[in-house]
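K.L.:
Got a structure for you, written out below as structure tokens; questions coming shortly.
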Amino acid sequence: MGWATRFLAAVCFFAAGVLFVPDAILGSPSGAGAGAVTAAKLAHLISFATSWGAALWATFIGGIIMFKNLPRHIFGNLQSKMFPAYFTLISACAAISVAAFAYLHPWKAASTVERYQLGFLLSALGCNLSNLLVFTPMTIEMMKKRHKIERDLSIGEEVGWSKNQQVAKSNPTLAAMNKKFGMIHGLSSLANIMSFGSLAMHSWYLASKLEL
């Protein structure tokens, strides 16, 4: 994921530049012509739709289906490969959305509603970056440690949590690892839900602008 991380860093720096000095980087929307404004709107719409759809699928559909149908260790190993790619994608999309929205609605000229919307987009970006750079690596590391303990106990190849919970009642080491994993995974899930909520607020704003 080295190349993706570098690309994401570049996109985030670009978004920050557009946010704080949009005229210096992209020029004034009023003087750039309709083409630049339309391009910014398209970039924002595509990036937002991609992050919204990916978050909806990963959070409420794909992950739940895989957990209910895959052996738990296979599910965990698969998620450890998918989540870095997932958070890289939606972080990059959120950064592009921030840059495009800040270009279309410069802070000094933006209304209160538009400033709130930029805040929601920044919140989504921050939550996704925290997951990508902090919570996901910690969760994966903790998962690997727990997998090792479970393999020694001959569990983890089953579907669901039943055997883990049963063995943990009589194994303090596994119970302690479950607690640590649950705390880190909970923080990751909370950040993901907060990002999804911020995107949901922005989707309501975009829907109010549509004329069908």
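For all residues, glycine too, the Cβ spot is worked out from N, Cα and C.
Look at TrEMBL and you will find 47-148 tagged as domain 'TMEM205-like'. Under the heading transmembrane segment, TrEMBL lists 49-71, 83-104, 116-136, 187-207.
Set these features in their place in the structure for me.
P.N.:
Note on the transmembrane segment (116-136): residues 8, 12, 15, 19, 51, 83-84, 87-88, 90-91, 94-95, 97-98, 101-102, 105, 107, 110, 184, 187-188, 191-192, 194-195, 198-199, 201-202, 205 of its chain, located 6 or more positions outside it, place their CB under 8 angstroms from a CB of the stretch.
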K.L.:
Summarise the domain 'TMEM205-like' (47-148) by DSSP state, stating how many residues are helix, strand and coil.
P.N.:
93 helix, 0 strand, 9 coil
K.L.:
Is the transmembrane segment (187-207) packed against any residues at least 6 beyond its ends, judged by a Cβ distance under 8 Å, and which are they?
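P.N.:
Those are 45, 48, 51-52, 55-56, 59, 90, 94, 113, 117, 120-121, 123-124, 127-128, 130-131, 135-136, 138-139, in sequence order.
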